[in-house]
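Presented below is the structure to which this report refers.
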Amino acid sequence: MFNEVYDVIVVGAGHAGSEAAAAAANMGSKTLLVTMNLQNIAQMSCNPAMGGIAKGQIVREIDALGGYSGIVSDTSAIQFKMLNKSKGPAMWSPRVQSDRMRFAEDWRMLLEQTKNLDFYQEMVSGLLVEGDKVVGVKTSLGVEVRGKSVVLTNGTFLNGLIHIGDKNFGGGRAGEKAATGITEQLVDLGFDSGRMKTGTPPRVDGRSLDFSKMVEQPGDENPEKFSYLDVTKPLKDQRSCHMSYTSPLVHDLLREGFDRSPMFNGRIKSLGPRYCPSIEDKINRFADKDRHQLFVEPEGWNTVEYYINGFSTSLPEDVQFKALRSVAGFENVKFFRPGYAIEYDYFPPTQLKHTLETKLVSGLYFAGQINGTTGYEEAASQGLMAGINASLKVQENEPFILKRDEAYIGVLIDDLITKGTEEPYRMFTSRAEYRTLLRQDNADLRLTPKGFELGLASEKRLKRMEQKHESAKEFVSFFENTSVKPEEINPILESKKSSPVNQSGKLFKIFARPNIEMDDVRKVESVEAYIQEHNLDREVIEQTEIQVKYSGYIAKEKNNADKLSRLEYVKIPADFDYSKIKSMSFEAREKLKKIQPTTVSQASRISGVSPNDISVLLVYMGR
Ligand SMILES: Cc1cc2nc3c(=O)[nH]c(=O)nc-3n(C[C@H](O)[C@H](O)[C@H](O)COP(=O)(O)OP(=O)(O)OC[C@H]3O[C@@H](n4cnc5c(N)ncnc54)[C@H](O)[C@@H]3O)c2cc1C
């Protein structure tokens, strides 16, 4: 049936698989996307939203490199918010509420328009492996497809087990069957596997809710968008979310089901995401809190279905129902479906190289939840990187690796493969030591040239980025070179309670003051005239503001990154024998042998490897 040998076979069309397939195909590799159900491409298994803190930066990075997640997030958005706007720009994080059905549909349309990409609906039940090399996949119907590389993106489907109260049954997601066969074969091949769990809240009928008892949460007054490309314009209309709270009564009703909770009666043994706990976990762990926030999120433009963010649970459905009916606005709630938890297999990611290729089997890549991560954005970015690297390997090109000071994606992959993870890993801004450099506003500057070189980002995308940054640079030099007189600036400074000046001075210095913003300096005639004359758009104005106000921090962080990256160039040979270095601690030797870092810098980030071990290693390597 399949006569050809594919360059890249992607297994699973979730967020990771969809990006992997798009990247490989767009880089010219003959690609096949095999997935269990073609109706569920890029299905949002949990919340109908993309982005958020640190995750929004990742979506922008994917977009800057030429991936599709940013575009689809825009075309399917029903609300946009820039989170953390009151903090410094390193913390600003875009987030959209999504139309769940449109998100999946738009993804599928984009993939169908992608050249070099074939589709096949079936469950992959095993890999074809010859020696230490993957050569294809086989499906549960016995179809064999040959491929030069395979990217596994099985998400929560590997031996997935769904729990609701004291019931449990096999499944990869509500209404979809689990995938079997792959874990067992990989373990036979020598891989370590583990179990993790995650959960989701009930979905309810909006017609049964009383929104007048809740607090409205509208989108931004001036919404932005994710993609740097002008595929869509920012939203004109938006749908609001609403907020309500649990209460001591709700908590008591939930506690009534604790004896039937798989979380508490030992049936669920694996670890879930610590930062996204279930409601039963929250009332158990934070027993002194008498209420928890619930966000009532619409699932799309035209549907009456709502997602109850903050009420993730695997308690019995009757307990979920009774407790939710005691929440203000939910007195008459009707369920579309109850919440549930799912346990699934994952593979500790220390078994991977920076390219996401496995160390054990050549040509085999893992991306997404299979690597112990959680979240669409984390999955999509790994998919993109695995698709790129699978393609590069087949084309016999150098691998593509992003460093920690270049992208959140670089931090994510380096954390996974160097430190591993024992609980579902999600991205936070605090994981990035260079977060002032890795902002959502400059992802294009950081990554689009790389995306263009890879053949992923179009020339149009590159030109747009160059123009934006050139305009911002010129506007910054305008501030550096233009003076303002006391009589013009002092009334503005006084209105902001900033000390007045006695003599004319450069605008840059005044703009750099902590409480002076672009809106203030725009009151200076020459500034507004410059903006009008050069027809500057919001992106350029924002970029200029960040560069002026944070120039000191940015320069300092860049300097630190440059200093530390010197160790990044000290390569460790693949066959390096750590057992010879007796003066290194036993734990460090064992960890280094297992993880096989490629540089001294990576070795220094492995937990259990001390600065002293690194000094010994450097001495041993003649440095
Ligand atoms: C119940 C639940 C709750 C969740 N809660 C959260 C949360 O609170 N916060 C959060 O950030 N994330 C949550 N997630 C996780 C989020 O959905 C995932 O992180 C994200 O979807 C992972 O993307 P992925 O591409 O790795 O896998 P998935 O989106 O799971 O996609 C996997 C794809 O692979 C296909 N597939 C699997 N095995 C095979 C096979 N053998 N052959 C062919 N096709 C196959 C599947 O059909 C599916 O299309 C939750 C997921 C679930 C199911």
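Cβ coordinates are placed from backbone N, Cα and C, and glycine is handled just like the others.
TrEMBL annotations:
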- GLY12, ALA13, GLY14, HIS15, ALA16, GLY17: FAD binding site (BINDING)
- 272-286: NAD(+) binding site (BINDING)
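Looking at ARG274 (NAD(+) binding site) and HIS15 (FAD binding site), their Cα atoms lie 22 Å from each other.
For the FAD site, the Cβ centre of GLY12, ALA13, GLY14, HIS15, ALA16, GLY17 serves as reference, and the other residues of the chain with Cβ at most 8 Å from it are VAL10, SER18, GLU19, ALA20, THR35, ALA42, THR153, GLY155, ALA367, GLY368, ALA379, GLY383. For the pair GLY14 (FAD binding site) and GLY272 (NAD(+) binding site), the C-alpha distance works out to 20 angstrom. Local packing around the Cβ, expressed as the count of other Cβ atoms within 10 angstroms, is greatest for SER278 among the binding-site residues SER278, ASN284. Close to ligand 1, meaning a Cβ under 6 Å from one of its atoms, are these of the binding-site residues HIS15, CYS276, LYS282: HIS15, CYS276. Annotation: ALA16 carries the greatest number of neighbouring Cβ atoms among the binding-site residues ALA16, GLY17, CYS276, LYS282, PHE286 [cut-off 10 Å, Cβ to Cβ]. The sparsest Cβ neighbourhood within 10 Å, among the listed binding-site residues (ALA13, HIS15), is found at ALA13. Of all Cβ atoms in the shown protein chains, 26 besides its own fall within 10 Å of the Cβ of GLU280 (NAD(+) binding site). Within its own chain, GLY12 (FAD binding site) has VAL34, THR35, MET36, LEU152, THR153, ASN154, GLY155, PHE157, GLY368 as residues 6 or more apart in sequence whose C-beta sits under 8 angstroms from its own. Taking the binding-site residues GLY14, GLY272 in turn and counting surrounding C-beta atoms within 10 angstroms, the largest count is reached at GLY14.
If you measure from the Cα atom of ALA16 (FAD binding site) to that of SER278 (NAD(+) binding site), you get 25 Å.
Distance from the CA of ALA13 (FAD binding site) to the CA of CYS276 (NAD(+) binding site) is 24 Å. For LYS282 (NAD(+) binding site) paired with GLY17 (FAD binding site), the C-alpha to C-alpha distance reads 33 Å. Within 10 Å of the C-beta of ARG274 (NAD(+) binding site) we count 11 further C-beta atoms, all protein chains included. Closest to ASN284 (NAD(+) binding site) in space, going by CA atoms and restricting to the binding-site residues ALA13, HIS15, GLY17, is HIS15. Using Cα positions, the member of the binding-site residues GLY272, SER278, GLU280, PHE286 nearest to GLY17 (FAD binding site) is identified as GLY272. DSSP assigns ALA13 (FAD binding site) to coil, not to a helix or a strand.
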